[in-house]
Amino acid sequence: MQSTDLGNKESGKIWHRKPSPATRDGIIVNIIHNTSDYHPKVLRFLNVAFDGTGDCLIAGDHQGNIYVFDLHGNRFNLVQRTAQACTALAFNLRRKSEFLVALADYSIKCFDTVTKELVSWMRGHESSVFSISVHASGKYAITTSSDTAQLWDLDTFQRKRKLNIRQSVGIQKVFFLPLSNTILSCFKDNSIFAWECDTLFCKYQLPAPPESSSILYKVFAVTRDGRILAAGGKSNHLHLWCLEARQLFRIIQMPTKVRAIRHLEFLPDSFDAGSNQVLGVLSQDGIMRFINMQTCKLLFEIGSLDEGISSSAISPHGRYIASIMENGSLNIYSVQALTQEINKPPPPLVKVIEDLPKNKLSSSDLKMKVTSGRVQQPAKSRESKMQTRILKQDLTGDFESKKNELPDGLNKKRLQILLKGYGEYPTKYRMFIWRSLLQLPENHTAFSTLIDKGTHVAFLNLQKKYPIKSRKLLRVLQRTLSALAHWSVIFSDTPYLPLLAFPFVKLFQNNQLICFEVIATLIINWCQHWFEYFPNPPINILSMIENVLAFHDKELLQHFIDHDITSQLYAWPLLETVFSEVLTREEWLKLFDNIFSNHPSFLLMTVVAYNICSRTPLLSCNLKDDFEFFFHHRNNLDINVVIRQVYHLMETTPTDIHPDSMLNVFVALTKGQYPVFNQYPKFIVDYQTQERERIRNDELDYLRERQTVEDMQAKVDQQRVEDEAWYQKQELLRKAEETRREMLLQEEEKMIQQRQRLAAVKRELKVKEMHLQDAARRRFLKLQQDQQEMELRRLDDEIGRKVYMRDREIAATARDLEMRQLELESQKRLYEKNLTENQEALAKEMRADADAYRRKVDLEEHMFHKLIEAGETQSQKTQKVIKENLAKAEQACLNTDWQIQSLHKQKCDDLQRNKCYQEVAKLLRENRRKEIEIINAMVEEEAKKWKEAEGKEFRLRSAKKASALSDASRKWFLKQEINAAVEHAENPCHKEEPRFQNEQDSSCLPRTSQLNDSSEMDPSTQISLNRRAVEWDTTGQNLIKKVRNLRQRLTARARHRCQTPHLLAA
């Protein structure tokens, strides 16, 4: 078996010499992936999948490395690093270079093996995807997780459909049937549905299996033609469903060793048209068994108890099997090599008996039983039977005994003749012949019982005494020795048992049952009387060997005696290691071909023959160390010569000293249960067991006490280390404190210097800030002055415009009055002319004229009233704006004064602090006191200002009330004038005196209100306004007086004009 380590290579050859898989295991190559980092580790393969041709496979490990293995071209390539474990793979897409991989983050990605680029990225699952099934056309794919299955279009990589289920019913598997358009969905409640791929219409549902054989399905497999469905679970039963008839047609029971089925897959055949007959069944023990569904026979199996299989994939053409092993490696098997024995042609009908060489013939060798078996011909339904014919030779006596008959049709005598002729058995059939010679019962149940007892206490630390490189070989040796110790207690105390068993364990490491039974048979037959003087070497057996050596080579024995070399040195090392230390593998196998084919005394004679054949180098040895080295190492000795010498000794040794007279004949192990082995001094073994138990208990007590002492010592050492660490830490802290103190002093000096520089910078900034504030104040005052001057100019312009408009209106009114007077004059003449003719018409006309005049006067008075109101409103607005500006200016002056005062105090404080730095604390307290006083003064000043603001607000409200009263008086005056005009129009000769009185009252009322207003405004003006405010107020009063005088003149003129028509009428 070849083994390939991928290492850190991204490409390379899979095997370096042409693979020749053995029929026994069929392994082409074993692929492992070890990293060559600082801490080497094994990267475990998790999934494997074949492409459509079957000559390429893809595999991913638990770190996300994905490799493509070309079995036809003998190349591997690293095609992708996903940086996370893959949970499922698919390599049979429409585009042959693309593959699908399901990752641990629940996503599915499509990569290209040629360009090594990402083709698409599909998301939608919320749990791990454990299955990817691709349609036969490669157009669709189904990804399955525990909670959902999703159908994808591989042309657009878009999800077409999604299968949702209840949370209580999980999904086991959803997959396409081969060569059809049907989807099969299998759920955890054993329900199986078939769906149409295009329409997702439910085609049928398989019925429930019988209750007597009901199992929970977990794994499924379908034949290539899609007709048969195999299902299995946590049982050794397999259910076979016919999907055409939709019924369960067969239940196959696996061997009792199978308790659960982990994986199922049919083995394709090129000549079965898709109706596969061989089914691979992977069970819980890691062994994949291939059975024929028709005959229910086990054809072959892969994997073992030590190298179990976790998952497998079979190529579409059925040539290769790729298996992920439990240790994380990848094994590739050749199906042709595994089925070589099955596909062998039938044995020939005629057999030829060949004569042995003449010097080997004897009368007992001429009689042979030839049985022609049954010949199977596929074209014929009948089986022809052949009778057994016996070829006999007329010789005296019946030389063949029943004791020479062996299982499986073998004969011990014929095997001995064959062995003498060729010197050894054929390598291909050696194990088979050994099993027949030793008549091994293969007690699986009894051996499993011994194995189930676990590792024996005596062999728990076997690797310390015998450090074996192969861990598998060490485990097999440990299990075999433990089984022997559980079989008989003597073997737990036998120190040389590992040496005796090791060559057989190495030879039968893949079949532990055969290994155990071979060693047990060897101990019962070829190790007779070895344990009678336990724990000493078998003195009686060594005495037999010494007697035979004394008979055949006295000189060599005398040489041993002269140099104080006993049989425990020249015989016992060979026996306890069964010659494995002094012979090569081929020599050892050839020797044991002869040992197992002869009487148990043959082993003892072999020890004598080995010494006799090595007499020349032994006679040249004089030191005991040289003798010990000779019997523990390989020597340049022909094993064929030794075997011939053994046969010579067996024939020429006298009966009285021949070991066969003292040893029993061969006895095979019993069938079903192993025999009891008690050929040892039981009281010694029991005493040793008790003593060993007592010593073990004493050792445990000693170990506990030593552990306690070690714990106490560890605590003391830990406390000492902690104390030393504490003292060191304190010393370091002290030094660090001194360093920090020096650093603090330096930092304080730097801080003082920085503070001085900062104080100087602050002073400079304060001076700059004062200059800037002063400049800003001057700029703001100038801006306010400019705005106020502009406002005054605007007010002057507005007043001028108003005066001009009033003059124009008055002139227009005068012209209107003159025109009216002319009209009246003309009317007067007309009235006087027509008075006598039409008094009534004249009176009517006069009344109409009087109404028109009254309406005109009302309109003019209304317009005049609006003009007066507009003037008063503008005057009030002007006064309000002036007052607000004055208040803001006063507040700005106060804020500036306070800031100047505060800056002056801060400057005084800075000068005082610079003069007396030593009294910093006292000055700070004084500053805080002064600051409190300043704050209190500011609060008081603020309260005063607020009080003054409230007084001003009150005076403002009073001014507004006075203005409202003035408006009301003017309105009342106008109403009185209008009423007087109306009354005058009705009766011009009466009530002239009251009107004059009212005129005086109305003229006096506004003046009084204005005087009151002036008297109310005067005190505040004298208190808070500056000279410019006084000038503004004087200008405003002058303007108001001019407006009042203008109104009086206009009123008097209007009154005079209103009186003229009445006088003329009178």
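Using the three backbone atoms N, Cα and C, a Cβ is placed for every residue, glycine included.
The coiled coil annotation in Swiss-Prot covers 728-861 (among others).
According to Swiss-Prot, the coiled coil annotation covers 914-948 (among others), on the basis of sequence analysis.
Positions annotated as compositional bias 'Basic and acidic residues' by Swiss-Prot: 989-998.
Summarising the annotation, Swiss-Prot assigns compositional bias 'Polar residues' to 999-1020.
Taken from Swiss-Prot, the feature domain 'Rab-GAP TBC' applies to 424-599.
What Swiss-Prot lists as region 'Disordered' is 989-1020.
Averaged over the region 'Mediates direct interaction with PJA2' (1053-1056), the predicted model has a pLDDT of 71. Look at Swiss-Prot and you will find 1053-1056 tagged as region 'Mediates direct interaction with PJA2'.
Taken from Swiss-Prot, the feature repeat 'WD 1' applies to 33-74. Note on the repeat 'WD 1' (33-74): residues 5-8, 13-15, 80-92, 96, 99, 101, 103, 111, 113, 311-320, 322-324, 327-330, 332 of its chain, located 6 or more positions outside it, place their CB under 8 angstroms from a CB of the stretch.
If you look up Swiss-Prot, you'll see 75-116 marked as repeat 'WD 2'. Remote same-chain residues near the repeat 'WD 2' (75-116) are listed as 6, 9-14, 31, 46-53, 56-69, 122-123, 125-134, 137-139, 141, 143, 145, 152, 154, 157, 316 (criterion: CB distance under 8 Å, separation of at least six residues from the stretch ends).
Under the heading repeat 'WD 3', Swiss-Prot lists 117-157.
A Cβ distance under 8 Å defines the sequence-distant neighbours of the repeat 'WD 4' (158-200), meaning residues of its chain 6+ beyond its ends; these are 122, 124, 131, 133-136, 140, 142, 144-152, 206, 208-209, 214, 216-220, 222-226, 229, 231, 241, 243, 274. If you look up Swiss-Prot, you'll see 158-200 marked as repeat 'WD 4'.
Each residue of the repeat 'WD 5' (201-248) gets a DSSP state, and the totals for helix, strand and coil are 3 helix, 24 strand, 21 coil. The repeat 'WD 5' annotation in Swiss-Prot covers 201-248.
According to Swiss-Prot, the repeat 'WD 6' annotation covers 249-296.
According to Swiss-Prot, the repeat 'WD 7' annotation covers 297-334.
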Within the same chain, the residues 6 or more beyond the ends of the repeat 'WD 3' (117-157) and with Cβ under 8 Å of it are 87-90, 92-95, 98, 100, 102, 104, 106-111, 163-165, 167, 170-171, 173-176, 178-180, 183, 185, 197
Just to be sure I understand, if DSSP states are collapsed into helix, strand and coil, how many residues of the repeat 'WD 4' (158-200) fall in each? 0 helix, 24 strand, 19 coil
For the repeat 'WD 3' (117-157), what does DSSP give as the number of helix, strand and coil residues? 0 helix, 23 strand, 18 coil
Can you tell me which parts of the same chain pack against the coiled coil (914-948), counting only residues 6+ beyond its ends and a CB-CB cutoff under 8 A? 891, 894, 898, 902, 905, 1024
